[in-house]
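Visitor: Below are the structure tokens for one structure; questions will follow.
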């Protein structure tokens, strides 16, 4: 690493419209981050709207039609995000009753909503049928019966998928191909539960089974997991074709497309991945002599993740002797595990940059920590950063668009950061900063 | 384990006023949990007020005076909790500007508040001095200078402690006695930074140094860590006595007292622990021929943790084949990692009970999971539970009073649970349940 590296903004990690000018100030979509900090305060999340939309379009193009791409709202959902996704023509995945409610309130068309969840209540299922959502993904047999009953009560038919546990787990670069039955989601392919569920769904009078769903993990950077899952699940399509005389027209391959959080990580190219997945499904279907199902995917992180940075103000800085020969520079910022739990929860790696100026200090072992009362409150665990990062500097971590705000807490009574969207030189407050009054509003 | 075990409520894990009647219904402070579920919905947190207060009193008695016991508000803070702690005469630790603000708004006397934090802003320090909090615990040299400056501007003197990193880490049953310099809090004893900070604090005109602070970890179940930390820090008291001619009248030994989350864990008895700690400090001071400092402690978990249960409704239940010969029963409830992140974050163990009836099924490998769209959303990872736990049953996890609500999120747009306090047959809503409207209130 050299000085250029720390002052540079790796294009595959930062929002597409991020740039640093000659004076060292970083802007996104033409808005200088120091100006945004002055206007909205820190910690502040800044989302590049055009980047978000362009990733929707890239996905839509790669998979042949916008509605085949289901944005996974659990990554980050607001009414504005729902509107962007809708305007781009994508479908929407929701995983809870409240995600569904918020999407519908934001005007998202029910027919393009797919509903997930391992424990859907009767009221939740009733809402799905009442609004006639595009798909309910069935997770267990009790739910199958309950949904059929609810749909009968309402005098409707509900389109459904069956979630299949293919016995494949792809996580980052590790592929576990034979096990991973031991998790809560879906019906096992191996023990026959998936086929039994398909049979039951086909027979259920008020359900219309249109396809199967598989999801093999998250932060996946290569094809083999998707290929193996496709092979296994298409084997089930063939069995359904042969034994039940039914051809399911759709196949949902789930999400899990990895993104780069740091300069040394490389996401799979969307087009290459889509081409590979579609080709695989087509080839397999032809081999098995069954109709080729229409393929859906569910990117959340791959759309929202890279579009956003979190902007902090540097506070306390100290150098600690960590062994006889080594020191580490601790740089504390004004947020932490309340706005980004991922390093503590998943040992997720992040990187960051000073965005108000160029740094030219000597590179030293550094760690960026938050302001919470917990030693695990770390944002950047290990990095070589210039030693001239000082109190008052603005420090931004990129790739915080997914699972950061969505999993944020009020630990130590920290308030949730403000979120602004930026586009063509204009900043729009999407979510206002929480206040202490907000924290106290639930007190009776 | 036998049936009695599952239907029993281990007294060292459950709130002091929890009991199961002959029909199998569990009540706390005379309130049947099924009635509370019917009135307030689930997930619901239920806090036993008398238990909370009795733990405050036990601590106060063990350490000789209520104000020596500082309740660590990061564990769980509401205005009502602040009032209880105040009424019991305890002191209060806060670790952020907002915790301080909320405590002051709740009428907590500033002189019994101790202020922590590794990255306190100028505004935060200004508020400390303006209100003349009892202690500010200095964490780094920049802060020492800043606080002195702020106090001078305000024409006041601020009482402070210096946080010392003693090079001791006690966590659960593991004691790391020589390292653990590599974390963000405090001034190193080993490299001389702590002594230098003491010198600077003694010399600072607007600061009054009254003691040192050490904190060695969390969930500690034995004495050696406290003993070793006391030895090291009292060595520093002696150096200060000898080299600076100053006797510091106070010593804060921090928190970290372990509690039992499951039947097989045993917390240290408060009296035994207190006696051991006080004796150790007294003996060491006499050996070193210095005045015995007054000892403060900072229990959070040890007061709040065991007082509370989280009540869920069982939804989907499925049995999964996890190997050729083994199955596991998955019991899904209507909460999860949004209301209790600790299993996912720390691999924390919890246990639970059905509280609406007696169970008498066959004991089978079971796992209790939440309703979030994530396979790591687990509440009880491995347990032998009766196989007659069914949808609609009420399932409660005890020992959720600390770091559960305090770290809760809105992941998957789950709303925060309601919290009720119970006492002498009366339930009082402390925090109302969040609604979807609450979730949308930050949208602009």
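Every residue, even glycine, has its Cβ placed from backbone N, Cα and C.
Model, not experiment: these values are computed from the prediction.
For B:50-304, the entry in TrEMBL reads domain 'Orn/DAP/Arg decarboxylase 2 N-terminal'. Residues or ranges marked as N6-(pyridoxal phosphate)lysine in TrEMBL: B:74. Residues or ranges marked as substrate binding site by TrEMBL: B:301, B:342, B:346, B:374, B:403. If you look up TrEMBL, you'll see B:309-401 marked as domain 'Orn/DAP/Arg decarboxylase 2 C-terminal'. Feature annotation from TrEMBL assigns active site, proton donor to B:373.
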Visitor: Looking at the recorded positions B:342, B:373, B:403, whose Cα is closest in space to that of residue B:74 (N6-(pyridoxal phosphate)lysine)?
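Guide: The answer is B:403.
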Visitor: Starting from each candidate's C-beta and looking 10 angstroms out, tell me which of the binding-site residues B:346, B:403 has the most other C-beta atoms.
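Guide: That would be B:403, with the most Cβ atoms nearby.
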Visitor: What does the DSSP secondary structure composition of the domain 'Orn/DAP/Arg decarboxylase 2 C-terminal' (B:309-401) look like, as residue counts for helix, strand and coil?
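Guide: Summed by class, the stretch gives 5 helix, 43 strand, 45 coil.
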Visitor: Within a 10 Å radius of its Cβ, which of these recorded positions (B:74, B:342) has the fewest neighbouring Cβ atoms?
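Guide: Ranked by other Cβ atoms within 10 Å, the recorded positions B:74, B:342 bottom out at B:342.
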Visitor: Just how many other Cβ atoms lie inside 10 Å of the Cβ on residue B:374 (substrate binding site)?
Guide: 22
Visitor: Hey, which of our recorded positions B:74, B:301, B:342 end up with a Cβ under 8 Å from chain A?
Guide: B:74
Visitor: If you measure every Cα to Cα distance among B:301, B:342, B:346, B:374, B:403, the residues said to bind substrate, what is the biggest one in Å?
Guide: 27
Visitor: Distance between the residue listed as 'active site, proton donor' and residue B:342 (substrate binding site) at the Cα atoms, whole Å?
Guide: 17
Visitor: Check residue B:301 (substrate binding site) against DSSP and tell me helix, strand or coil, would you?
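Guide: The residue in question, residue B:301 (substrate binding site), is helix (DSSP, three-state).
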Visitor: Who sits close to residue B:301 (substrate binding site): which same-chain residues at least 6 apart have their Cβ under 8 Å from its Cβ?
Guide: B:72, B:75, B:218, B:219, B:255, B:257, B:258, B:259, B:402, B:403
